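A quick write-up on the structure given underneath.
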Amino acid sequence: MTEKLGKSGKLVTFEGIDGSGKSTMLSRLQKVDESEPLSCSGSVFTREPTKETLTGKAVYAAIENNVDPLAELFLFLADHAAHLSDTVLPALENGKLVVSDRYSDSRCAYQGATLNGTISDAFNFVCRLHEPWTRKPDLTFLFDIRPEVSCERCKDRGAQTKFERVDFLKEVTANFKKLAEREPDRFVILNAEAAPEENEKIILEKIRAILK
């Protein structure tokens, strides 16, 4: 797997902390695509961690059972590799648009935070692990939300995990913003506390622009 693979299609990713509206926006985009296809070659809507796969189930089990952070990182990486091989690259090689709710940037942001203090320069360590083999997104939307609001949203929907702590999410948010600063041409920062309709309009405009 190299960045040269899957060049004919376009890869769009949604990133941000939990409760920022990424999954909701993915569903909205799917509905738009069903009535007015975004790509003439077809679209694939997906997510990481994957759900009904061996690697995805291992990731969710690790999250629920407080597995060692380094072991957890490599489970996430295994799931990303399987997701690339089984879903993302085949779709891109067929010229399709792929939209993923979370991707490699989430690993840099989240696992960079969980390993902080355990591994020297954890953020860059995690980022470097991906570089030789992943497929970089063509466009990434960063859903920016205050950690306090994120935690309240997760609490209200009963979807809290060990990651939903304000202090931890502040560090994750800072990591996401580091990534956006490194690649400003790839990232579009959205106000995730704004009306979904506003962000949907921005997202559709940007996606249609890269598909021209």
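Cβ atoms are placed via backbone N, Cα and C, with glycine included.
Worth saying up front: this structure is predicted, and the values here are computed from it rather than measured.
Over in TrEMBL, the protein carries these features:
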{"type": "DOMAIN", "residues": "14-201", "note": "domain 'Thymidylate kinase-like'"}
{"type": "BINDING", "residues": "G16, I17, D18, G19, S20, G21, K22, S23", "note": "ATP binding site"}
Neighbourhood of S23 (ATP binding site) by C-beta distance under 8 A, where only residues 6 or more apart in the same chain count: R47, D101
Additional residues surrounding ATP, by Cβ distance to the G16, I17, D18, G19, S20, G21, K22, S23 centre under 8 Å: F143, I145, S150, R153, A192
Cβ-Cβ distance under 8 Å to G16 (ATP binding site), same chain, at least six residues away: K22, L142, F143, D144, I145, F176, A192
Sequence-distant neighbours of S20 (ATP binding site) in its chain (C-beta under 8 A, six or more apart): F143, D144, I145, S150, A192
Cβ packing number for D18 (ATP binding site), 10 Å threshold: 23
All-chain count of other Cβ atoms within 10 Å of G21 (ATP binding site): 21
Cβ atoms near G19 (ATP binding site) (within 10 Å, other residues, all chains): 25
Predicted model, mean pLDDT over the domain 'Thymidylate kinase-like' (14-201): 95
